């Protein structure tokens, strides 16, 4: 018996098979022989247990289970032969036992298929793309960062001010009780960095070395440790040391040391930083638009996700999560202790995130199909050029490392987003990644390197594909695993 069904509610092709009774019984006999051969009983060597005695130690359920494992590959081959090209199957199947006994086996193979989608009017979304604007204050902040990256350090006897590095002890209390992770000694914090919860750093300004003080802050409602979210906390503070930054003079000598292409004077530097800031804001606005626009589309269309694709994506996110924990020096147990999450909480988050990523992947794919958007040869060459500059390797060598298939999804998705922005922007702007100022992009790597001489920052960007479908997890810094005051 063979039966084909298209399950639109789960985007699956279901192929049900029932082997002949004689074949099924033959597989049960093989299963029993295999189990008997591997049976271990006191007084008998492995594989030498008499069949009659073995029957008493092998259950019918274990025989049926082993028989299923033996016959499944053959039945899966039969099922695969009945998959048609226009079924739009995206991956291999999972199988489900529909009925099983000593005389009958009915098994279904569920293949994930491309869903039928009726997208809303994505050309006229409520979500609009906001064109970035760069102010003089934005450029001044970038200049300040560069100056601070080249600053000297000097212990200060003056009260704490913005940009100072403060070494202090703190102990936190919620409802009058000290809370886990709310205490640290000799903690270094740069005032104005925004690394602590809102209001914490501001209350350190004006304090002097050796001074003690109590400050009060409120944890954000969306704080990653739910037990502390929205609660007021008191912190006892003692200042141990204050270090001020002695900034270099902003002159041509300083600009020259930055080694930025075609940047010779302060005016050149400000123009360059203006372009760099524009590109950074542009990327931030693109990310924000994508998130909000796709959420709006998702609310207006049913996108069924097959169990196989969901399981694959959850496994991918789990590996990514484990890798991120490892890179930060955490074990899962430590992470759960710090965040007060459970493993079930993590799995639920991963499931939710996986569904969102897969739905977005199908939206990307559907729009690319409707708009006839695809990666062209010149798109690949441009991407290879950027990668070659980034890795400082010849283009041909980069091509061997990054095959076309690895770039295809990113390129296509970026062009789809460009098209959505074009449709949903009040005025045309430089939204395409293909139109980036290459010189500014190249120089930005050098600038960021100047700003991060004393710290390492790791970021990972993942792309979800329709065929093979990145959770972002906050983690407290390993350098101070007890601290919960950090964002």
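Glycine is no exception: its Cβ is also placed from the backbone N, Cα and C atoms.
Cross-referencing 368-427, 428-487 with TrEMBL places the feature region 'Disordered' at 428-487. In terms of DSSP helix, strand and coil, the domain 'PPIase FKBP-type' (163-223) has 4 helix, 32 strand, 25 coil. When pLDDT values are averaged over the domain 'PPIase FKBP-type' (163-223), the model yields 94.
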